[in-house]
Amino acid sequence: MGCGCSSHPEDDWMENIDVCENCHYPIVPLDGKATLLFRNGSEVRDPLVRYEGSNPPASPLQDNLVIALHSYKPSHDGDLGFEKGEQLRILEQNGEWWKAQSLTTGQEGFIPFNFVAKANSLEPEPWFFKNLSRKDAERQLLAPGNTHGSFLIRESESTAGSFSLSVRDFDQNQGEVVKHYKIRNLDNGGFYISPRITFPGLHELVRHYTNASDGLCTRLSRPCQTQKPQKPWWEDEWEVPRETLKLVERLGAGQFGEVWMGYYNDHTKVAVKSLKQGSMSPDAFLAEANLMKQLQHQRLVRLYAVVTQEPIYIITEYMENGSLVDFLKTPSGIKLTINKLLDMAAQIAEGMAFIEERNYIHRDLRAANILVSDTLSCKIADFGLARLIEDNEYTAREGAKFPIKWTAPEAINYGTFTIKSDVWSFGILLTEIVTHGRIPYPGMTNPEVIQNLERGYRMVRPDNCPEELYHLMMLCWKERPEDRPTFDYLRSVLEDFFTATEGQYQPQP
């Protein structure tokens with residue numbers, strides 16, 4: 001154990017303390033004796049010496065106990081209400097609604113899985129985030145509501161059983177940033193960031209660095225703030241009666257209908273898209289919707305339910321900030337930095353990489369079909385619907401509604417839509433993002449765009465667009481579809497854009 005000059009996949013971006021300058025691995029203390037020291041009231045242990053574990057093994061009867069992170073009021077026949085902090089025993093764990101029994105009342109029923117956490121574990125701690133990537137940790141900590149010193153501990157992406165500490169900090173050159181520290185494991189089950197001081201558990205580690213920075217970039221202030229999760233959709237409610245929906249506020253009107261904010265059964269806030277009669281076959285729509293509801297990913301707008309009698313209703317999760325193309329033009333959208341704009345692009349690429357992996361096609365990828373949450377999370381909407389539209393103004397390339405400026409040449413000329421034509425559209429979407437919602441090919445009509453594309457023309461680099469981002473756009477606009485990159489590649493480049501293109505990493509302290 002100790003400095004052995006062997007690298008670790010995460011070491012090049014992790015902040016570490018007391019490390020070898022060559023290999024970045026913790027320096028082995030010269031004295032290997034099992035000395036016990038006390039520092040700021042905490043016991044300090046030698047990280048290179050085995051200590052007998054003091055924690056008794058967990059009882060198998062505790063494995064199915066959970067604790068409520070939020071209160072929940074029952075709203076369905078068969079679900080179970082509970083208060084924050086209440087303990088429950090899980091009887092059946094299936095899907096997003098788990099059958100449970102309250103240890104307080106003895107009653108049984110179904111509970112939303114995302115309102116509870118495993119008892120006698122780290123999961124109920126407000127600073128612990130399970131299954132969170134490094135990039136999503138940065139997004140969470142940089143979201144509104146968090147400040148200098150906000151922090152979280154997450155599971156390591158690359159090393160099972162290990163953890164990482166992520167802390168929001170301020171840098172004079174870069175502004176608000178997130179620093180990451182690897183939390184290393186002791187043989188006896190303890191933890192340390194610096195070998196100068198070790199802790200029997202993560203609670204003690206958090207307590208220590210909350211009192212003093214002690215070598216970290218800043219003192220830990222408070223756990224990363226998150227919103228109360230939305231309860232999962234009740235699984236049996238797919239084709240729902242129109243009367244269960246109350247339309248409250250019209251959010252917008254598109255070519256094929258209107259979008260409303262509303263409530264389902266007076267308790268669940270939803271978005272409702274009402275399609276104009278005759279815009280698509282109800283039978284074809286229901287078949288496609290059954291496929292669409294199987295596509296579930298954090299970067300895709302969740303499809304909840306449908307009304308299949310005309311006018312067709314599509315019920316989805318509600319996104320507070322509306323469409324990306326509109327949000328980019330608001331005062332809040334105009335203030336977004338290039339880093340945040342690139343992060344939004346990375347989120348969209350992540351969602352499209354999932355669609356790519358599932359051998360699905362969007363067909364109408366543009367900023368108008370990306371929705372934005374109040375925490376600036378982006379999700380892809382309306383995937384797959386374009387091919388169902390029975391409107392010649394949309395399906396014919398000469399039609400006024402056909403989105404020529406976003407469509408790949410092979411799709412315009414031959415009607416050939418593939419995931420690679422979606423990649424072309426993504427390149428156009430990147431121009432919308434970097435110009436805060438400007439219409440592509442400014443000053444050109446649709447026929448002029450078609451003529452220019454046939455001559456090999458490509459949109460010029462927009463103002464304030466980094467050269468490296470324009471290079472990525474040009475890759476998306478390769479003439480031969482097979483020469484265009486995958487969405488997974490686009491995601492990887494955009495997630496670490498300045499790192500990937502300039503090789504800049506956070507320096508080791």
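Sequential numbering from 1, following the chain as shown.
Cβ coordinates are placed from backbone N, Cα and C, and glycine is handled just like the others.
What Swiss-Prot says about this protein:
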ACT_SITE  Asp364  active site, proton acceptor
DOMAIN    61-121  domain 'SH3'
DOMAIN    127-224  domain 'SH2'
MOD_RES   Ser102  phosphoserine
MOD_RES   Thr159  phosphothreonine
MOD_RES   Ser162  phosphoserine
MOD_RES   Tyr192  phosphotyrosine
MOD_RES   Ser194  phosphoserine
MOD_RES   Tyr394  phosphotyrosine
MOD_RES   Tyr505  phosphotyrosine
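Taking the C-alpha atom of the residue listed as 'active site, proton acceptor' as reference, the shortest distance to any of the modified residues Thr159, Tyr192, Ser194 belongs to Thr159. For the modified residues Thr159, Ser194, the ranking by surrounding Cβ atoms (within 10 Å, all protein chains) places Ser194 first. Helix, strand and coil residue tallies for the domain 'SH2' (127-224), in that order: 19 helix, 31 strand, 48 coil [DSSP]. In the three-state DSSP assignment, the secondary structure recorded for Asp364 (active site, proton acceptor) is coil.
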